[in-house]
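Okay, structure first, notes after.
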Amino acid sequence: MHELSIVIDLVALCEENLRKNNKSKIEEVHLKIGRLSGVEPHLLKSAYDVYKKETVCENAKLIINLQDIVVKCNSCEKESILKKNEFLCPKCGSNDLEVLDGEDMYLMSLTMS
Ligand SMILES: [Zn+2]
């Protein structure tokens, strides 16, 4: 399962951050997940809830921020947020788009204690 391997990496990253900062517990994990990243937030959440037991994240809250798809149109040069699943510029209808945000997933911040 794709989401489980993400969670394993995430917990490892949390451990590393605790070590670097001389802390012992993670309180909150803030993630940004792009709508184009291919990561399913609810699957990630359930994988996290299972895996976090007996790790430094055992009592940590997972907070997921969904990032909309932000594109720049190469035809009309406007930036837009894509709401629908069609990959077309909402301003002019062109499909010559460059994705500026919403493609990846990353750790935004950690609250440690
Ligand atoms: Zn356009």
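Yeah, the Cβs are placed from backbone N, Cα and C, and that goes for glycine too.
Noted in TrEMBL for the protein shown:
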type	residues	note
BINDING	His2	Ni(2+) binding site
BINDING	Cys73, Cys76, Cys89, Cys92	Zn(2+) binding site
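TrEMBL feature annotations superimposed on the structure.
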residue: His2; record: Ni(2+) binding site; DSSP class: helix
residue: Cys73; record: Zn(2+) binding site; DSSP class: strand
residue: Cys89; record: Zn(2+) binding site; DSSP class: coil
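Cα to Cα, Cys92 (Zn(2+) binding site) and His2 (Ni(2+) binding site) are separated by 36 Å.
Its Cβ taken as reference, Cys89 (Zn(2+) binding site) is surrounded by 21 other Cβ atoms within 10 Å in the chains shown. Non-local neighbourhood of the residue listed as 'Ni(2+) binding site': Gly38, Val39, each in the same chain, at least six residues away, with C-beta under 8 Å from its C-beta. For the binding-site residues given as Cys73, Cys92, the lowest number of other CB atoms within 10 Å of the residue's CB is seen at Cys92. Excluding the listed site residues Cys73, Cys76, Cys89, Cys92, the same chain places Asn74, Ser75, Glu77, Lys78, Ser80, Pro90, Lys91, Gly93, Ser94, Asp96, Leu97 with Cβ atoms within 8 Å of the centre of the Zn(2+) site Cβ atoms. The Cβ of Cys76 (Zn(2+) binding site) has 13 other Cβ atoms within 10 Å, all protein chains considered.
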